[in-house]
Amino acid sequence: MKKGINRVVLVGTGAVGCSYAYSMINQGVAEEFVLVDVNEAKAEGEAMDLSHAVPFSPSPTKVWSGSYADCKDADLVVITAGLPQKPGETRLDLVEKNTKIFKQIVRGIMDSGFDGIFLIATNPVDILTYVTWKESGLPKERVIGSGTTLDSARFRYMLGDYLDVDPRNVHAYIVGEHGDTELPVWSHATIGVQKLETILANNEQYKQEDLDKIFENVRDAAYQVIERKGATYYGIGMSLLRVTKAILNNENSVLTVSAYLEGQYGEKDAYVGVPAVINREGVREIVELELNEDEKAKFAHSVKVLKETMAPVL
């Protein structure tokens, strides 16, 4: 890392990577931003285009297309490269294809002398974050996946819409796999300072079956978007930006990232979406929510599915 200069390297300039890159320039988060892609011309073109937006950014950012060698002085490497999810394909269906790609990418990055933090977004994100941790040899705290940050954002947006409340005042989490086995933590959902269950008990117009439908829409949101426009990228781009800001600004923010469990929630040796405190060192600590029995069972099932899917590719 270069003292006093925040450098972020993005590996993968597809739709997700470029949405993240645009968000980064739009908010002026890093002083140096490097784009790397197997398609060098694409990375170069994106860097040129982004550079032309810098005069409108809140703060200047030096943007260029580079190579894995640029990772040597990076504080953060964000990986969005990999094969995208096709219509009808689950995130877990991608595991074998993207694991092979990822191992090559991580080795190339580590050969540069990189000693910063990894942030992974490629699906299946929990498994590929684990693969990155194993391949890199970095401390578990410095390998993070986007986890259920986007799912939690979708959850808060839809709950806010249903209750007619600013989603920024909705405090609710989706945990587990970023995918079909994820689960809502209803027992800890609050609107402002009031428990969601209290609001339901005191207002006849709000019903649990409506909330259950909201969760189904959260869980299946990616499928719905992919069916209509081919891919999701704005939401995950902003999610990655949020985690990036928490890291570079040493915020100690609580975000539902994919973090390594070693006994928390009764699970170990798995990366999975849970609330965690994020700062300049990566994951400072995991926030262990007291789940009810139903939530515990669903969380255990989610981790079990991840481990079973991951086993053949490790």
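For all residues, glycine too, the Cβ spot is worked out from N, Cα and C.
If you check Swiss-Prot, you get these features:
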| type | residues | note |
| --- | --- | --- |
| BINDING | Val16, Asp37, Lys42, Tyr68, Gly82, Leu83, Ala121, Thr122, Asn123, Ser146 | NAD(+) binding site |
| BINDING | Gln85, Arg91, Asn123, Pro124, Val125, Asp126, Asp151, Ser152, Ala153, Arg154, Thr232 | substrate binding site |
| BINDING | Arg156, His171 | beta-D-fructose 1,6-bisphosphate binding site |
| ACT_SITE | His178 | active site, proton acceptor |
| MOD_RES | Tyr223 | phosphotyrosine |
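On the structure: features taken from Swiss-Prot.
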residue	record	CB count, 10 Å
Gln85	substrate binding site	21
Ala121	NAD(+) binding site	30
Asn123	NAD(+) binding site	28
Asp151	substrate binding site	29
Ala153	substrate binding site	21
Arg156	beta-D-fructose 1,6-bisphosphate binding site	23
His171	beta-D-fructose 1,6-bisphosphate binding site	16
His178	active site, proton acceptor	31
Tyr223	phosphotyrosine	16
Thr232	substrate binding site	20
Rank aside, I only need the closest one: which of the binding-site residues Asp151, His171, Thr232 has its C-alpha nearest to that of Gly82 (NAD(+) binding site)?
Thr232
Out of Val16, Ala121, Asn123, His171, point to the one nearest Thr232 (substrate binding site) in space (Cα versus Cα); all of them are binding-site residues in the record.
Val16
By a three-class reduction of DSSP, His171 (beta-D-fructose 1,6-bisphosphate binding site) is assigned strand
Which ones in the same chain are close to Val16 (NAD(+) binding site), with CB under 8 Å and 6+ residues apart in sequence?
Thr80, Ala121, Ala231, Thr232, Tyr233, Ile236, Gly237
If you draw a 10 Å sphere on the Cβ of Lys42 (NAD(+) binding site), how many other Cβ atoms land inside?
16
Given Asp151 (substrate binding site) and His178 (active site, proton acceptor), what distance in Å do their CA atoms have, once rounded to a whole number?
7
Maximum Cα-Cα separation in Å among residues Val16, Asp37, Lys42, Tyr68, Gly82, Leu83, Ala121, Thr122, Asn123, Ser146, which the record lists as binding NAD(+)
24
